[in-house]
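Taken from Swiss-Prot as is:
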- 17-23, 47-49, ARG313, 339-341, 421-423: GTP binding site (BINDING)
- ASP18: active site, proton acceptor (ACT_SITE)
- ASP18, GLY47: Mg(2+) binding site (BINDING)
- ASP18, GLU19, GLY20, LYS21, ASN45, ALA46, GLY47, HIS48, THR138, ARG152, ASN232, THR247, ARG311: IMP binding site (BINDING)
- HIS48: active site, proton donor (ACT_SITE)
- VAL307, THR308, THR309, GLY310, ARG311, LYS312, ARG313: substrate binding site (BINDING)
Amino acid sequence: MTSAARKVSVLLGAQWGDEGKGKIIDFLIENHKINVTARCQGGNNAGHTVVANGRKYDFHILPSGIISPTCFNVIGNGVVVNLDAFFSELAHNGVLSEPGWEKRIMISSEAHLVFGVHSQVDGRQEDSLAAKNKIGTTNRGIGPTYSSKCFRNGIRVADLMADFEEFSEKYRRLVEHYKKQFPSIEVDVDGELARFKEHREKLAELKLVGDTVGFIHEQRTNGKQVLIEGANGALLDIDFGTYPYVTSSNSTVGGACTGLGVPPTAIGSVIGVVKAYQTRVGTGPFPTELFDADGEKLQSIGKEVGVTTGRKRRCGWIDLFLLRRSAMINGYTDIALTKLDILDTFPTIKVAVGYKLNGQTLTAPPAQTNAWGAVEVEYKEFEGWMEPTVGVRKYEDLPEKCRQYIQFIEEFIKVPIVYIGVGAERESLIVRQKQ
């Protein structure tokens with residue numbers, strides 16, 4: 001690798017997911033000449049919504065750059081790939097009707113495959129937990145697929161593209177492994193294999209599988225701009241999230257390196273996407289969650305319904321104590337603050353600035369699960385601006401009280417807020433110069 005190779009940018013959700021990453025990625029592709037977008041982790045448990053070209057796109061496993069005719073799209077080795085979902089999503093978003101789409105996407109041969117049996121196991125494992133211990137999984141088989149990867153009986157895309165008899169034997173062994181744990185599982189092995197044979201033929205015909213590590217390094221060497229697109233959110237990271245109520249991969253910046261074969265020294269900027277308030281899907285700790293009219297108002301105005309699950313999102317005030325931790329771990333160089341306009345009609349707005357546990361001020365979030373329930377939140381209160389921000393395109397045109405809110409967040413986490421979302425459309429974005 002030459003020293004002239006271009007640095008990559010990484011975009012991550014800084015909270016519990018659903019921060020509005022798709023909108024920011026879409027803006028960057030259109031305005032910063034992004035040549036390659038790359039997914040590095042997760043699977044079709046993610047959900048990105050992009051509103052562009054007069055229509056709404058929903059992405060779960062596809063990189064958001066797929067809607068741009070000039071952008072190449074990579075699904076990296078760290079992603080777990082459900083091929084049924086992959087082809088279905090291409091059709092649902094109208095990609096298959098675009099000429100030459102297959103020349104703009106590559107799936108890593110080293111990515112692991114998600115099978116129907118993984119989804120069944122996901123559901124069985126969740127059902128076996130007591131109500132208070134349920135994780136709130138999407139039942140897409142993501143966790144069990146990563147478990148197979150670690151157990152070393154996982155099956156990769158390369159296996160599918162090689163000798164099909166060997167692939168079939170590996171698959172049968174995988175099913176038997178799970179049937180020993182869950183005897184009630186019913187799997188149409190022959191039907192599943194027939195479907196994967198069709199997938200194999202389609203992948204080969206369209207030449208969709210390749211060496212994504214080599215491709216990205218080649219693009220960098222040639223001076224192309226690569227944007228790595230994180231899924232889920234930093235507070236759902238398997239190591240640094242609110243364990244065990246987390247996803248099954250590293251959704252922090254380290255996942256960009258391990259999930260694509262990109263060295264840490266190749267990362268030039270890390271953009272953290274932050275919603276102006278806090279949301280969470282499923283179970284797990286949420287110290288600033290609101291159970292009153294304000295919470296219902298955030299849910300209603302913000303249209304807080306999960307793209308992947310269809311579940312209503314839990315809503316609360318933004319948690320700067322957790323956001324500062326997120327910034328510490330990921331080294332954000334820029335922040336994109338989204339959905340600021342949702343707060344336009346709130347006369348009082350709160351932000352969490354600290355935690356106490358048993359009367360003691362905490363310097364870090366609790367590492368022990370049960371401790372979260374006893375956390376006391378320290379808030380700072382702001383007077384709402386009570387003016388519409390939708391349509392504003394310059395930072396100085398925002399209401400003064402709104403700017404005070406933004407400035408406080410910046411100063412608390414010590415990262416500049418460069419992008420401010422004030423509406424769903426692509427153009428509903430304020431771009432600030434770094435101070």
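Placement of Cβ uses the backbone N, Cα and C atoms for every residue, glycine included.
Feature map: annotations from Swiss-Prot on the structure.
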residue : record                    : CB count, 10 Å
GLY17   : GTP binding site          : 31
GLY20   : GTP binding site          : 22
LYS23   : GTP binding site          : 27
GLY47   : Mg(2+) binding site       : 21
HIS48   : active site, proton donor : 27
THR49   : GTP binding site          : 18
THR138  : IMP binding site          : 24
ARG311  : IMP binding site          : 13
LYS312  : substrate binding site    : 14
ARG313  : substrate binding site    : 21
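Taking every protein chain shown into account, ASN45, ASN232 are the binding-site residues, and of these the Cβ with the most other Cβ atoms within 10 Å belongs to ASN232.
Taken residue by residue with DSSP, LYS23 (GTP binding site) is part of a helix.
The Cβ neighbour count for VAL422 (GTP binding site), using a 10 Å radius over every protein chain in view, is 24. According to DSSP, LEU340 (GTP binding site) sits within a helical segment. The Cβ of LEU340 (GTP binding site) has 25 other Cβ atoms within 10 Å, all protein chains considered.
Cα spacing between VAL422 (GTP binding site) and ASP18 (active site, proton acceptor): 16 Å, rounded to the nearest whole number. Listed in sequence order, the recorded positions near THR49 (GTP binding site) (C-alpha within 10 Å of its C-alpha) are ASP18, out of ASP18, ASN232, GLY310, LYS312. Straight-line distance linking the Cα atoms of ASN45 (IMP binding site) and ARG313 (substrate binding site), rounded to a whole number, equals 15 Å. Look at the Cβ of each of the recorded positions ASP18, GLY310 and count the other Cβ atoms within 10 Å; the largest number goes with ASP18. For the pair formed by GLY20 (GTP binding site) and LYS312 (substrate binding site), distance between Cα atoms is given as 16 Å, rounded to the nearest Å. Comparing LYS23 (GTP binding site) with HIS48 (active site, proton donor), their Cα atoms are 8 Å apart once rounded. According to DSSP, HIS48 (active site, proton donor) is assigned to a strand segment. Largest Cα-to-Cα span within the IMP-binding set ASP18, GLU19, GLY20, LYS21, ASN45, ALA46, GLY47, HIS48, THR138, ARG152, ASN232, THR247, ARG311: 34 Å.
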